[in-house]
Amino acid sequence: MKTATILIVDDEEGIRHGLSRFFEREGYAVESAEDAVHAETIFESRKIDIAILDLRLKGPVSGLDLLVRLKREDSDLPVIIITGYGSIESAIGAMKHGALDYILKPVDNEALLVLVRRNLEVAQLRRDNRYLKKELYQKEYQRQIITKTPAILDIIARLDSVKDSPAPVLVMGESGAGKEVFARYIHFTGNRSAGPFVSINCAALSEDLLLSELFGHEKGAFTGAIERKTGKFELAHGGTLFLDEIGDMSPAIQAKLLRVLEENSFERVGGTKRISVDIRIVAATNHDLHELLRTEKFRSDLYYRIATVEINLPPLRQRAQDIPYLAEFFINLYAERYHKRIDGISPAVMQRWLSYEWPGNIRELQNVIHQAVLLCTGNRIEIDTVLAGCGSGEGQRAPENSFREARTATESSVRATQSEVAPDQGVPHPAGPDPVRSASFQPGRYTSLKEVAEAAAAFYERQRIESEFVLAKGNKSQTARALGITRKTLMEKMRKYSLMQSGPKEGTAPPSPAYEPKVIARPRKGAEPRGGSTC
């Protein structure tokens with residue numbers, strides 16, 4: 001078992017030596033200091049498990065100030081205050097700043113030993129709790145990203161490699177593409193998961209209000225400032241600050257943010273005292289920051305500060321293979337919320353979802369499914385329940401048929417599919433066609449949503465490779481760059497889809513709308529795609 005290390009800080013040499021010898025005899029490692037400066041030097045060089053501080057120390061830094069500094073560095077550090085100048089006011093001040101116990105001199109060594117043992121046990125419980133919370137957060141947020149898309153999987157791999165570093169991350173993508181989900185993934189799977197995750201939308205507030213929200217303010221700093229306000233920078237200490245829509249931040253606040261990032265400290269509005277902070281910045285925007293840099297609407301020095309790691313989230317229209325998985329998740333989510341049982345999706349509905357461009361991205365898909373489940377009166381989502389959703393707005397560009405036209409086309413396709421089935425079979429073979437080598441997607445051949453999703457993923461990946469290969473005029477290296485994968489990976493996928501011999505085919509058939517996926521409002525079992533939530 002690890003020997004606990006005690007830091008004893010007292011300006012009286014006799015007390016320091018007496019307590020040091022006592023605790024060493026009890027089996028503890030002891031470090032001692034006569035003032036705050038020496039104590040901080042020891043604290044920076046050694047792992048201290050508990051501190052015993054004299055409230056009044058010689059020198060410019062008091063025991064109370066030292067307490068504040070130590071707790072800022074390690075919020076879990078148990079601290080016991082001892083002093084010969086006890087008072088109610090000093091006791092309240094010490095406890096307010098994180099001291100666990102407060103006792104007067106002369107100290108009863110045996111009583112102090114009991115306090116030390118008890119507080120070490122409490123500190124260990126807190127560390128265990130933090131570790132378990134971190135493990136829970138990691139498992140939970142590793143399921144938060146549902147995807148089969150290679151580009152998203154590559155982004156996850158990049159984030160996993162930097163999740164424990166303090167490096168700022170810039171997430172760019174269209175509105176509704178899941179930027180905050182990725183910000184939370186960065187925080188809750190990294191070593192700051194036990195710390196706070198604080199978010200603020202820079203586009204939703206006026207310049208003055210945003211300044212006050214970020215930096216906080218002192219009492220009387222401006223009209224209406226009737227009390228001190230703690231800002232987001234201070235609240236995020238030890239954790240992550242998510243600056244959503246940073247592209248809408250005014251030049252004046254950009255300059256102030258840059259200084260905070262450079263100095264790791266700030267002043268409240270109306271204040272003069274600089275406050276040190278340890279935060280990780282994750283910023284997001286739906287603007288093209290490179291264009292804002294070109295037009296000088298965004299500071300280049302701030303950009304280089306926040307974009308140490310930069311990721312670009314593809315819109316949902318480029319992740320069609322993920323739509324069946326996302327649909328299953330949202331249907332299960334809302335079916336459980338409204339105590340409904342949804343056993344299937346109309347073929348016309350899924351066909352529409354697969355062909356729709358989704359200008360609102362995942363947020364729009366979630367809203368459409370929320371509405372569909374809410375309005376569903378049977379055990380299957382039908383086309384009528386989503387007529388007011390996708391397809392009625394500006395995103396209806398790719399497909400030209402209305403939902404009712406899609407239903408007619410679907411019914412014709414269903415009849416055509418059924419006519420191809422041998423009389424002695426009755427239903428299509430449950431195994432279905434080989435989705436890997438099939439040039440067309442026929443969801444009606446599959447019996448479960450999982451099979452449909454896997455077939456859709458294979459079909460759309462094959463289709464994308466064919467398309468890029470044609471555009472690259474058969475150049476494999478150029479095709480790989482366009483797809484964001486290595487040439488070796490491209491070759492493996494081309495062999496997988498039997499594209500090595502025949503090359504890409506033009507006029508690939510569109511997805512057939514004839515299928516009947518099963519969606520049950522309960523957790524899935526068995527193999528599933530990466531993730532389990534909304535992105």
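Positions of Cβ are set from backbone N, Cα and C atoms, glycine also.
Taken from TrEMBL, the feature domain 'Response regulatory' applies to 5-120. Under DSSP, the residues of the domain 'Response regulatory' (5-120) split into helix, strand and coil as follows: 55 helix, 24 strand, 37 coil.
In sequence order, Val9, Asp10, Asp11, Glu12, Ile15, Gly63, Ile81, Ile82, Thr83 are the residues near Asp54 (4-aspartylphosphate), counting only same-chain partners six or more apart with C-beta under 8 A. As annotated by TrEMBL, 4-aspartylphosphate applies to Asp54.
Annotation comment: TrEMBL describes 145-374 as domain 'Sigma-54 factor interaction'.
Among the features that TrEMBL reports, region 'Disordered' is placed at 393-434 (among others).
What TrEMBL lists as compositional bias 'Polar residues' is 409-420.
The annotation region 'Disordered' is assigned in TrEMBL to 498-535 (among others).
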**OP:** Please work out the mean pLDDT for the residues of the domain 'Response regulatory' (5-120).
**Re:** 86
